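Participant: Handing you this structure, nothing more for now.
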Amino acid sequence: MNRSLMTWLIVVHCILLLGMFDVYFKSTIVPGLPPVGSTYKTPAKRLVLFLGDGLRIDHVYQTCNVPFLRYMIESGQAVTGISHTRVPTESRPGTVALAAGVYEDPAAVFKGWRDNPVPVDSFFNRCWHSFAWGSPDIVHLFSRNATNIDARSYKEEDQSFDPHESLKLNQWVLDEFMNFIEDCKHNSTCRNILARDKISFFFHFIGIDMAGHKSKPFSESYRKHIQMMDEIIRKIVKIFENYFNDHNTAYVFTSDHGMTNWGSHGAGSDEETQTPLIVWGSGVKSGMEPHKSDEYSFSKNASDCSWNVNLDKKFDVEQADIAVLMSTLLGVDIPTNNMGTLPWRYLDFDSDTLLSAILLNLHQLLLLYQHLEGITRKQVLSPFFQKFPSPDIDQIPLAYAGITGDVVKFVRSIVKGTPESIVLVIADHIKLVKDGINYYQTYFQPYLLFLLCSSFVGLILIIAGRIYLQSTSLLWIEEERQKRHVLYYIYNIRITTIEQFFMILFIMVSGMHLSQSLPFTYYIYAVLPIILWYKAIDFWSLTSIVVQLKSVKCTQVLTVAICLASGVELLYLSFFYRWLLSVGMVALSAFPLTITNNTNFKRAPAVIWTLSCLTLSVFPLLPTVGVAKQTFLVICSGLLWLIIVSVAVNITKDSPIGPQIFSKMTRIQVVLINAAIASVIFVDVFAASNSAFRLPGRIFSWTILFLNFGVLVLLPDSPSARMFNLILAFGIPFMMLSISFESLFFPILTANMVSWTLLEKATSVSTRRILFSHHVISYLRTDEVRRGFFFLFFIIFSFFGIGNIDSVNSFDINWVRCFIDVFSPFTMTALIVLKTVMPFFLVACSLRLIVIHTRVDG
């Protein structure tokens, strides 16, 4: 494959990747929206938000874990419910949803943990003044460039995963708040601020999340953090009641996300998306019975304590609804980009105030809807604009700009019934408006998906056509015969017509897009499939197909097609049933039986292939996550690497590449393997029991990692020797990032890949060729199709087959124990991704070596 085509394909892949972000990861935040002023008076003068980071809902509703919160619910003072988060279940998007009512796109977690990627209106900056204490990654999300938000945090390096250190982080929040209150008693400026209405306080407890990552949610450490948080909340509430002594404080307790049984979060399981919501204080209804439509049952699978209330019936809310709830309780403006709905059953307001509050929610959402509709209408030409298909939305009260005066009286005049029935009608209107907002937020999604899918298909046809033409040599006799045929000239006219058709289509699409106010990237997505399909048709020209189809055996093609389709279907089903990967690996173990008649067949690679396939087939059947740390198995993997090096050196000592196999670089890597084994033992045995050894252990591990990749400059020239040293370079960090049996996966996969390259090299000698006169036609061989399928299978197997890496969400914080013991999201993510992709590199390098051995252009 020539260099220019390869460059072009890389550019196309980058464009398609960018397109996926435009389709699924587009920010929903709309800047410049006017605020909707609050005109009603609420009883609460201040609001306190408690956030238990990473707190599972089933660990809250236990008597032994949260006695104070349990008392508030059992005594009828608090209303409890379940808040449902959205994916990704991470701290940043969860906190933004709580405070701003906005669900950030998943890509926002990569834009920075401490600064918002774009300005966003929030509950905190709508308050007259806000105070926050907690993690620097969270409390400063909304304090940048905000004069009315006072955020205080501990240092980033204080966020240690040590259970005793993370307990101190929660205690820090209480101590700092107590110091703040004491200072205010002697500071008139501070007292004047606290005496004002519409003041908010935010307390963030990160210790629970860190304990869950390190010690897992069902550990004693996780339970202690929850109990400590509950006690701190009790003390803070007591301080508020004693200091203000006016019963005008509203309290909200919730969590940004939950956590899986193995201590991670980010995906959409119930353990991650269900979080507790407990509300009490001024303006909150107490002792109410759940409404039938809001009933929710959940499993108290971790409950060992009995409650005196019915825990199986709770109020469902979306996480964004909490932003509206807090704004309404305090009587401040709702954040302009809010997508939440007021959970009005939590409120103890009179009917007029309640109606005003929910109308304000409707008005805010209508402004957002109308703004999005206007933006979309301006972007496309009038004939192509499709309005939200619901005429009822234009009949909603407040959609008319001429409404003035007493809005509540106006609504009562057109909507008859009891106050509750009126609220229910408005709630239906809110649901309709939110559907309209979602419609315009995803307005271009179907169109973009169509364009990108068309480009993908065109790209596949180009690659397939290129491979087909590379594997085919047209006979000059056949070409001359066709040129003498009248159909040849008709075909050339057809080609010219196709070129004209694509040119006209290109001009029409370009004109249509450039005449609209669409992003320029949309224009690229629109013309890309035209270019790709034109190139695909150019590759798959009728001339080549006519010549080659004459010599194709239909039976052989049908057999290959059936096997290939079955294999692809198995790979697809493996995303849902991991055990099918074991079935596929067992089937691949029989591959040597298909080449036993080859004169170059060797028994040793075949035996290694079969044994390694059967051994690898066990890994998809092992537990995917939540595996206990087994240092012994990690040490065994290190010893297995030393055995592999020894065997490789002995086998190749008399071969031409022997000196390169046992090169200076190999000897350095043997030393690094021993150092890595020592590092794992040091961290798991000594540093785990004595904090004084942690810093030396980290320095030692990072030194090994940098030296391991630094010696790659010494790579030998021989492809086989280069492959051998690259494998060792991947295996060393993989071992240090493993905690259990997955450490054995990489060396076994290495044996499998080495045997694959040797078997393919043997089969390449007996390539089937057909002679025609003095010319040769080299057909697209079945072994090339097989190699492509094997590569795809091993890539998917490498990702889903390892016990701990069935998805990135299944990470274990103990993976990075050799390198990090404090919270560092980007470094942790980089190391986790490194461990995930290393098997991919091994498979890709193996295929490249096969390409070199078989003389197939890669």
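Backbone N, Cα and C atoms are what each Cβ position is placed from, and that goes for glycine too.
Pulled from TrEMBL, these are the listed features:
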type	residues	note
SIGNAL	1-21	signal peptide
DOMAIN	163-295	domain 'Sulfatase N-terminal'
DOMAIN	436-856	domain 'GPI ethanolamine phosphate transferase 1 C-terminal'
TRANSMEM	447-469	transmembrane segment
TRANSMEM	489-510	transmembrane segment
TRANSMEM	522-542	transmembrane segment
TRANSMEM	554-573	transmembrane segment
TRANSMEM	607-626	transmembrane segment
TRANSMEM	632-651	transmembrane segment
TRANSMEM	671-693	transmembrane segment
TRANSMEM	699-715	transmembrane segment
TRANSMEM	727-749	transmembrane segment
TRANSMEM	788-805	transmembrane segment
TRANSMEM	826-851	transmembrane segment
Participant: What are the DSSP helix, strand and coil residue counts for the domain 'Sulfatase N-terminal' (163-295)?
Facilitator: 72 helix, 22 strand, 39 coil
Participant: Average the pLDDT scores across the domain 'GPI ethanolamine phosphate transferase 1 C-terminal' (436-856) and report the rounded value.
Facilitator: 81
Participant: Given a Cβ distance threshold of under 8 angstroms, which distant residues of the chain, six or more beyond its ends, lie next to the transmembrane segment (632-651)?
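Facilitator: Beyond its ends, the transmembrane segment (632-651) has Cβ neighbours at 658, 661-662, 666, 669-670, 673-674, 676-677, 680-681, 724, 728, 731-732, 735, 738-741, 743-744, 746-747, 750-751.
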Participant: Could you give the residue numbers and ranges of same-chain residues that sit at least 6 residues beyond the transmembrane segment (727-749) on either side and whose C-beta is under 8 angstroms from one of its C-beta atoms?
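Facilitator: Residues 612, 615-616, 619, 622, 627-630, 633-634, 636-638, 640-641, 644-645, 666, 669, 672-673, 676-677, 679-680, 701, 704-705, 708-709, 711-712, 794, 798, 801-805, 812, 814-819, 831-832, 834-835, 838-839, 841-843, 845 contact the transmembrane segment (727-749) from elsewhere in the chain.
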Participant: For the transmembrane segment (607-626), give me same-chain residues lying six or more residues beyond its boundaries with a C-beta closer than 8 angstroms to one of its C-beta atoms, as numbers and ranges.
Facilitator: 216, 260-262, 264, 574, 578-583, 585-586, 588-592, 741-742, 745, 748-749, 751-752, 754-756, 759, 797, 800-804, 806, 810, 812
Participant: Near the transmembrane segment (522-542), which residues from the same chain, at least 6 beyond its ends, have a CB less than 8 A from one of its CBs?
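Facilitator: Beyond its ends, the transmembrane segment (522-542) has Cβ neighbours at 12, 15, 19, 22, 444, 448, 451-452, 454-455, 458-459, 461-462, 465-466, 468-469, 491, 495, 498-499, 502, 505-506, 509-510, 513-514.
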Participant: Using a Cβ-Cβ cut-off of under 8 Å, list the residues of the same chain that are 6+ residues beyond the ends of the transmembrane segment (699-715) and lie near it.
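Facilitator: Beyond its ends, the transmembrane segment (699-715) has Cβ neighbours at 663-665, 668-669, 672, 675-676, 678-679, 682-683, 722, 725-726, 729, 732-733, 736, 818-819.
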